[in-house]
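A.B. asks: Sharing a structure below in structure tokens format, with a few things to ask.
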Amino acid sequence: MFDLLVKNARDIKGNALEIGINSGKIIDLSESLQGQAKEVFDAKGAYVSAGWIDSHVHCFEKMDLYYDYPDEIGVATGVTTVIDAGSSGEGNIKNFYALAKKAKTNVFALLNISKNGIVTQDELSDLSLIDEAKNIARIKELPDFIVGIKARMSKTVIGQNGIIPLQMAKKLQSKVKLPLMVHIGSAPPKLEDVLQELEAGDIVTHCFNGKENGILATDGEIKDFALKAYRQGIVFDIGHGTDSFNFKVAQVAREEEVSAQSISTDIYIRNRKNGPVYDLATTLSKLLKVGYSLEELISAVTTAPAKNFDLKNKGSLEVGKDGDLTFFKLEDKQEILVDSNENIQQSEQILTPVACTVAGVLYQESEKK
Ligand SMILES: [Zn+2]
């Protein structure tokens, strides 16, 4: 007896796949599954993957600058897990947790090293807001919620502090042994100085931004130090955002065999409603246009973020993993895709989520408000 039996789905290679879920976990997978079930979902030939993980979002609804609602960017758009990337810090993350645990979508957080997260744009301009002991205490207090730490290393954020906040983040990381996500943008600090501080496994978000201080040199090639960082195992994450995804940078990188390992949106209410982000599927469709295969795209929102943030029960379709699934179609549709710099491309195909499950609970697109 299954709690939920998924019929007539296909894996991303196109093979028939049926899935049984019990008590929130995947308990059986095969090309044809029979048996009693409390609920049957007919996927009608849609693709199924492990539930999509968007590893850079802003969904602490009580914030003023960057905020959204977990389920609006989560289960309503085929995303089963979101990781809030530093909206809050040790001073306010408990309030965020109290709200986040009510969501249908799985919500995790990266702790901003600055006390109150992104209350103002320049959260790392005052070093007295970075308190290592309090950061460590908070991380110990919320081990199932805080899955990493976040430092935003760009001009408007750091004030006169140069690389110091990043060094403080690295020091904290060495004590708490958690993944570190670093946001890059305009200098100072110089991208080269940021990458210098990082090690394999550290995550650089906004990797394909179109700014002067990005990975692309003026001669149109990837800067040597960026290539070196990539080859050393520093994780390149999309973090599309209002300001931080450029088609040309993504294309040149691709030609030089630099691909984003994880694909995230940096979504919040304004770039969701007004674009250019809209949702994770739209970001995936943009990378499809750049030439990423379906397998690469899905890995970048499942296995890769699960590995990057050590989400052990998520990210793959296997017996024993959480019953988080995303169902989607690949549709032949010519749509206008716009990057963060108003460059336009036309799609040949787009990804369209049709439903998802979180711990075996089904959410369909028709329920979208
Ligand atoms: Zn962000």
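Yeah, the Cβs are placed from backbone N, Cα and C, and that goes for glycine too.
Heads up, here are the entries from TrEMBL:
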DOMAIN    47-342  domain 'Amidohydrolase-related'
BINDING   His56, His58, Lys150, Asp266  Zn(2+) 1 binding site
BINDING   Lys150, His183, His206  Zn(2+) 2 binding site
MOD_RES   Lys150  N6-carboxylysine
SITE      Arg152  site 'Transition state stabilizer'
A.B. asks: Can you tell me which of these recorded positions sit near ligand 1, meaning the Cβ is under 6 Å from at least one of its atoms: Lys150, Arg152, His206?
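C.D. replies: The ones that qualify number zero, so the answer is none.
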A.B. asks: Taking Cα atoms as reference points, rank the recorded positions His56, His58, Lys150, Arg152, Asp266 by distance from His183 (Zn(2+) 2 binding site) and give the first.
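C.D. replies: Checked the recorded positions His56, His58, Lys150, Arg152, Asp266; minimum Cα distance to His183 (Zn(2+) 2 binding site) goes to Arg152.
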A.B. asks: Restricting to the domain 'Amidohydrolase-related' (47-342), report the mean pLDDT as a whole number.
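C.D. replies: Mean model confidence (pLDDT) across the domain 'Amidohydrolase-related' (47-342) is 97.
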A.B. asks: Other than His56, His58, Lys150, Asp266 themselves, what residues in this chain have Cβ atoms within 8 Å of the centroid of the Zn(2+) 1 site's Cβ atoms?
C.D. replies: Val57, Tyr66, Ile83, Asp84, Ala85, Gly86, Ser87, Leu110, Met181, His183, Thr205, Gly239, Gly241, Ser264
A.B. asks: From the centroid of the CB atoms of Lys150, His183, His206, the recorded Zn(2+) 2 site, which same-chain residues not already listed sit within 8 A by their CB, in sequence order?
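C.D. replies: Surrounding the site, in chain order, are His56, Ala85, Gly86, Ala151, Arg152, Met153, Met181, Val182, Ile184, Gly185, Val204, Thr205, Gly239, Asp266.
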A.B. asks: Between the Cα atoms of Asp266 (Zn(2+) 1 binding site) and Arg152 (site 'Transition state stabilizer'), find the distance and write it as a whole number of Å.
C.D. replies: 13
A.B. asks: Neighbour count, 10 Å Cβ-Cβ cut-off, for His183 (Zn(2+) 2 binding site): what number do you get?
C.D. replies: 24
A.B. asks: Using a 10 Å cut-off, grab the number of neighbouring Cβ atoms around the Cβ of Lys150 (Zn(2+) 1 binding site), all chains included.
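C.D. replies: Excluding its own Cβ, Lys150 (Zn(2+) 1 binding site) sees 28 Cβ atoms within 10 Å.
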A.B. asks: With His206 (Zn(2+) 2 binding site) as the reference Cα, tell me which of the binding-site residues His56, His58, Lys150 is the closest one.
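C.D. replies: Going through His56, His58, Lys150 one by one, the Cα closest to that of His206 (Zn(2+) 2 binding site) is His56.
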A.B. asks: Let me check the 10 A CB neighbour count of His206 (Zn(2+) 2 binding site). How many other CB atoms are there?
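C.D. replies: 28, counting other Cβ atoms within 10 Å of His206 (Zn(2+) 2 binding site).
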A.B. asks: Distance check, please: Cα of His58 (Zn(2+) 1 binding site) against Cα of Arg152 (site 'Transition state stabilizer'), rounded to an integer number of angstrom.
C.D. replies: 14
